[in-house]
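Undergrad: The following block contains the structure, expressed as structure tokens.
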């Protein structure tokens with residue numbers, strides 16, 4: 001037993017409803033095949049992470065197990081040729097990541113046992129069914145009425161909750177039996193609303209049980225006798241549930257609390273036939289209804305004993321309820337919740353799977369889950385909203401999801417609704433007060449406020465009169481009485497459950513803020529990098545523009561030089577040009593002083609002798625200035641296009657140069 005105790009301690013701290021995050025980090029090649037490295041995080045704690053290796057065949061096996069749900073999943077097909085190419089491996093990694101994201105976004109697929117085994121093989125390798133069978137058999141070993149029958153399989157969403165049929169033992173002697181018993185206590189005195197049966201045969205016991213149930217049920221039919229009715233009443237179901245992380249009731253007091261709760265009687269709460277517990281969990285025996293739960297009714301399920309994935313994965317017969325039935329069932333559930341809270345007890349597990357419709361009456365089941373400390377079905381949703389932190393707010397939130405599924409025909413698979421349409425205004429107002437994002441942030445209404453809502457007044461106006469008659473009757477008068485110690489234990493249970501929820505909500509909120517900061521920082525870095533890249537691109541484009549301009553300028557300069565050389569050649573070919581291409585500048589053309597005029601090179605012999613010109617000092621200076629003016633004019637004319645005017649000026653310049661006589665020049669002292 002020490003081995004089981006060690007496993008039990010490990011299970012108590014595990015909340016299987018916590019959100020899972022999976023990231024395929026990379027791949028590696030081992031023995032000729034590709035293995036994917038998966039990083040998994042459970043809950044908001046970054047330290048609660050681990051890594052596993054998975055091959056493509058493991059993904060394919062998971063996909064085959066989930067096909068029973070008939071949910072359309074985009075799973076990448078197998079490829080034999082070219083499956084080792086890096087490009088193909090990268091594409092396959094992205095496709096498998098999208099496949100895992102689709103599974104985690106579906107609450108039914110994410111909570112299934114095949115998914116849990118794929119993600120966390122170390123925790124889910126043991127056979128939970130065998131453990132449940134062992135513990136349930138131990139609890140019923142000393143009982144003289146019930147014995148364990150065949151397993152019903154995974155008909156529920158909880159991995160650690162198992163269902164069995166119950167067989168009544170044949171009675172040979174007249175014995176007084178009590179329907180409430182714990183594993184550590186002997187049969188005690190039973191409350192007057194419970195059945196004390198004295199019988200000698202199984203048939204007699206069944207007949208008495210049938211009449212007792214008929215007297216305690218809110219049914220219009222009278223108690224019937226006969227083999228058919230007895231056989232119907234003998235159909236019982238046993239649920240074995242392991243204790244969860246929110247179980248804070250002392251081991252010594254758990255049996256007393258369960259004994260008090262077993263005597264609950266209310267027209268909208270299904271009674272308990274038998275309840276027992278040990279150190280690892282508890283079992284509850286109730287009547288089995290062939291029509292199944294309210295969820296089976298909404299999904300059009302023909303057999304409630306089918307596997308959970310096949311029933312609710314992708315049902316084709318979904319339908320909503322009429323408004324009057326919707327208002328009637330909702331009002332009945334609210335009254336049951338109000339009654340539990342008036343006795344110091346919460347439910348915490350309100351959803352369509354925990355509601356049974358019997359003769360147009362909605363009756364809550366699995367109310368004891370709160371005592372067992374198992375997490376709620378909607379816990380991954382309301383853990384994201386810090387305002388939903390009390391037990392009443394949790395039940396109101398679950399009631400909102402319940403009303404949404406009954407009115408729309410399909411569940412809300414998110415923590416809040418973006419918008420609500422296709423319903424009357426009063427129903428829309430009711431749903432919006434619970435399920436809108438603003439409502440979850442601001443705070444939800446109370447149970448009392450919901451009972452006074454306009455929707456129930458409009459579509460279930462006569463409910464108060466009917467309920468008052470039920471309350472005044474003696475057969476169905478509500479009854480639930482806890483001892484002083486049991487009340488203290490339940491109060492402690494509520495406080496610690498809410499405290500753990502608030503702590504997890506704070507961690508979730510802080511982790512969400514941290515993620516946003518990291519995203520902002522990464523985005524800021526990306527913006528800086530983008531800005532830096534833009535600057536570099538701008539500089540490079542500017543340099544390219546400058547280089548192109550310089551290249552164009554160089555080409556233009558070469559063209560100008562080429563044109564200048566062409567014009568020089570043209571001048572040298574003229575009749576009055578100098579054969580070697582050297583041009584003698586007149587005095588004053590250069591930037592040198594007049595006192596040192598440049599000496600002209602000797603003229604070739606082909607040029608005729610210059611005529612003798614007699615010049616005075618004054619006339620010489622005038623001639624020099626005129627020559628400078630003519631030279632400047634000649635420069636201006638040379639820079640223009642080759643027209644007839646420029647040709648004439650060039651000829652005049654050449655004539656003046658050729659006819660110039662420097663022998664008549666005299667030195668002039670400028671100081672004088």
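Glycine too: its Cβ is placed from the backbone N, Cα and C atoms.
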Undergrad: In TrEMBL, which of the ranges 480-507, 508-535 has the coiled coil annotation?
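TA: My reading of TrEMBL: the coiled coil range is 480-507.
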Undergrad: If you check TrEMBL, which stretch out of 209-230, 231-252, 253-274, 275-296 is marked region 'Disordered'?
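TA: Checking TrEMBL against the ranges 209-230, 231-252, 253-274, 275-296, the region 'Disordered' one is 209-230.
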Undergrad: With Cβ-Cβ distances below 8 Å as the criterion, list the same-chain residues six or more beyond the ends of the coiled coil (480-507) that contact it, or say none.
TA: 43-45, 191, 245-250, 253-254, 256-257, 260-261, 263-266, 339-340, 343-346, 348, 370-371, 373, 383-386, 389-391, 394
Undergrad: Would you mind giving the whole-number mean pLDDT across the domain 'Protein kinase' (181-514)?
TA: 83
